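What TrEMBL annotates here:
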- C:35-57: transmembrane segment (TRANSMEM)
- C:63-82: transmembrane segment (TRANSMEM)
- C:89-109: transmembrane segment (TRANSMEM)
- C:121-142: transmembrane segment (TRANSMEM)
- C:154-173: transmembrane segment (TRANSMEM)
- C:223-242: transmembrane segment (TRANSMEM)
- C:272-292: transmembrane segment (TRANSMEM)
- C:304-321: transmembrane segment (TRANSMEM)
- C:354-373: transmembrane segment (TRANSMEM)
Amino acid sequence: MQTETAEKQGTLPELLGRNWIALFIVLLVVFFSVVARSFFSFDTAQLIFFNGTEVFLLAIAELFVIITGGIDLSVGFVMGFATVVSSKLMVACVALGFSPFWSILAASVVTLLIGLVPGLVNGWLVACLRVPAFIATFSMLGVTHGISELLTQGIPTKNLPALAGDIGNGSFFYVAPGGAISFFSRPQVARGQTVLAIIPNMVIFAFLFIFLFAFILGKMKFGRHLYAIGGNIDAAIRSGINVKRDLIKAYVISSLFASLAGLSYVMKYITGKPDAGANMLLEAIAAVVIGGASMAGGSGTVGRTILGALVIAILETGLRIIGMQTFMTYILVGVILILAVIIDQVFPNRNR
Amino acid sequence: MAHLLEAKNITKRFGGLTAVDNVSFHVDEGEVVALVGDNGAGKSTLIKIISGVHKPDEGEIFLNGQEIHIDSPIDAISHGIETIYQDLALAENMDVPSNIFLGRERTKKILGFVNVVDYEHMSSESRKVLDRLDIRIPSLKSNIRNLSGGQRQAVAISRSIYWNAKVLIMDEPTAALGISEQKKVLELVSSLRKQGIAIIIISHQMYDVFSVADRIIVMRRGIKAGERLVKDTSTEEIVSLIVGAESVEKRSQ
Amino acid sequence: MAAESTSNGERLKQGAPGGGGFFQTAIGRFSARNWALIFLFIMIVIFSLGSSGFFDIVNFQNIIHLSTGAFLLAAAELLVVITGGIDLSIGYVYGLSSVLGAKVMQILYAGGAGGAGSMPVWQVIALGCLAALSVSILPGLANGVLVTRFRVPPFIATMGMWGICNGITLFLADGFMPVMGAPSEINAIGNSYFLYIDPSKSISFFAKPSYITQANIRSVLRLVPNSLFLSLAVLLVLGFVLGRTRFGKHTYAIGGSMDAAIRSGINVNRHLVMIYVIASFVSGVAGLFNLFQTGIGNYTPSGANYELMAVAAVVIGGASLTGGKGRILGTAVGVLVLAVLENGLQIIGVSAFYRYIGVGVLLTIAVIIDRAFPDLF
């Protein structure tokens, strides 16, 4: 009996209203391409993703918690904590005589494991002790900041194995002028010849995790339960969902992604410092909200969050290319964040 | 023959207050029992005991003649006792199949080891149960937020039915609904009865009670003040039982 | 009907007082309600015993003097938190005000210091203040309008304003440099004391005796920093407004129940706009005073989290983020707890980095106590 009509497509303005984010990205690209001729290129596209790796990862970190109706203020400093822990571990492993490769691998794995702890504590405070997420995660911000500062004593870690930088700034494969392809290592060419580098390693690294967790969020039971918790926590409890466990998992995933952002930072900039992600909280939350999620919880998808983060990444790299300073990014991110919420109120049902 | 659900000598105290005092009642297959009474009469406490929210201090509960212990809402559900609360317990940000399968999603394996939510299956099953109850919802993919109050109620009921409810407890199902939607919900209750489901309905609306119930149980100050078959009683009698016979007598003097 | 209510909050309420006998006694209730004050007192005792430098009038004045910004920002945050909102922009309004004031003074002052036709110093300072204070109203106005007219959640609106204010500040600060070149007279206002006592020689008010140089200033007993007057004035005024006026009552009413406030005829939208404007203005005053204290315009460094520290002080001081609750006095105690923690750790030689951890732990304790004793405050 149900006539399974397709989702209402609506009128053209509604369609635009619901997909304004894509339109906005196109406009941004057109704008920058007109202002700076060099902008519209494959290299710039790669650069946008390369520069934006941390924003992408932190946005996903924030998304998992925002879907449940919470907030994670600690992501930026958990990221900083991860940069400190991983860089210290790398240096220590090398000092113990391990090869750079194994040092980096071991340090990364251990960092990701340690990086689960802040999320575990956040989740426990929120789910079991019913501390408001804002307070619990702000406390964790303080704790991770303090521990990172104690570990570094105010001095950014240095002397990381050179391989870290090679991996962090390298690309998946290179095309030499003759058409020869080499994976992971830049071929030696004569002066004046350019080598085409394709897909930065860190972008692959980030998107492997992002795709995995997009799958978990979109396709698995656990993902649905997060939306249910954010939509109506009482209904979730009464329908037998293990709300406490799922909430803790959400905060752990948030912490995991913040740590991944930290690893990416260390590999790219070969240094670790407590405030590596200090000013990225705004961008992470902005990406999620621009991507259409509601702070009240229950909505938001990985795909749209990535679009939101892409807006920020394009702005950052674009403004740098046309020679505007950082301050413009702050202003525009702030303005777009507010506009996103207002536009979504005019055109509801953008999500799901 | 044993009753489908029978509660015997249920007592529940909260501190010094006895909310339910030695109450017994039963409900049979294909029967609608209305539970009426003033605020604080103990109706809600009684159904919360049946649905596993509260544990009784005294008394036993039997299902098909066998004693059962209901320690949590999940226990009640596993015995086929489903409760539809006034707030319906729906996730408004999700669509119809997601709500019918909330917390009990169907999964399928892909690549041999990864369990993913089987949306198509959930969707077709949802359509089947909605058809069975003759519920019309334009698009299963629309979020609960975009449905009317009556449609939401229907989704909540379908969820219970899909999960093989034998006993359905409904708390004020028509409150907060428009007149035409109230009528639809009452029709739905009648059609559920035809399908052999035992229904306990809490209501303040005498019209609802008399139009769908077979039997009425009146609660007053924690005790069972009376039990009448609908065909043998009148609104006046039920109201007098609710407010207490003395006050009625006084008024009539 | 009480017996039938089963919400978690209800159960918690019933459970909590039965949980600990101690907390039912008068002393127990007092200590749970005033745990921050007691904690402050214990910290003072420990730090005093732990080092010789802590328990000292000079150090105490220092703590107060350096906490001026924190007092004002926390008071500003409290107003918003009582209404059930949050203002994440105040830390950046603070930086904006400081940098803008310095920039205006710098330009006017450099126009011809001492030269012919140059502007008198007091006029330079006055115009700088005027510019900083009037501009610092704008973010609050925008926040208020966004929250009330456009229904943007306070968290998002003020977070957007954080970005905008920070961007403008960095633009003014031109390449992440503190803004110098304001007249040095402002330091005299920002860093002076009410009373200078040179033992056995002289007493003077508001300015050090002229024969005392910066080098031997330590021989003079300086009492009551000017900054204390500012902090007290702001705290007393806001405390009076919140506790004694209709405006204050309405603020609590809005936080307690927005619907009830609307239905009882309070012009909630106008009220909320005023709250955000006041919060923003007070933050501007704080930023401007920072300029007076340091002599330079300081932008808010990334990760400084002034606004979050203000929220921390407010919550430690007994306010609830759900609104309707919180007092100026409690907030002041909250600020002092954080300030004494930082100062004391420094003096007894423990790494100051522990203070970040301390804030986190204290904040969590505050909320857990608040949760366990919902009726206490």
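Cβ atoms here come from the backbone N, Cα and C positions, even for glycine.
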- Kindly say whether the transmembrane segment (C:63-82) and the transmembrane segment (C:272-292) touch, using the definition of 3 or more Cβ pairs under 8 Å where each pair is 6 or more positions apart. yes
- So what's near the transmembrane segment (C:154-173) in sequence-distant terms, Cβ-Cβ under 8 Å and 6+ beyond its ends? 80, 85-89, 91-93, 95-96, 99-100, 103, 139, 142-143, 146-147, 179, 297, 299-300, 307
- Selected stretch (most C-beta pairs under 8 A with the transmembrane segment (C:304-321)) from C:223-242, C:272-292, C:354-373: C:354-373
- Note on the structure: Per the Cβ under 8 Å criterion, with at least 6 residues separating them from its ends, the transmembrane segment (C:89-109) contacts 69, 73, 76-77, 119, 121, 123-125, 127-129, 131-133, 135-136, 139-140, 143, 158-159, 161-162, 165-166, 168-169, 172-173, 179-183, 186, 279-280, 283-288, 290-291, 296-300, 304-308, 310
- Note on the structure: Given C:35-57, C:121-142, C:223-242, C:272-292, the one sharing the most C-beta pairs under 8 Å with the transmembrane segment (C:354-373) is C:35-57
- Per the Cβ under 8 Å criterion, with at least 6 residues separating them from its ends, the transmembrane segment (C:35-57) contacts 223, 316-318, 330, 333-334, 336-337, 340-341, 343-344, 347-349, 362, 365-366, 369
- Who are the long-range neighbours of the transmembrane segment (C:121-142) in its own chain, taking Cβ under 8 Å and residues 6 or more past its ends? 89, 92-93, 96-98, 100-102, 104-105, 108-109, 157, 161, 164-165, 182-183, 185-186, 273, 276-281, 283-285, 287-288, 291
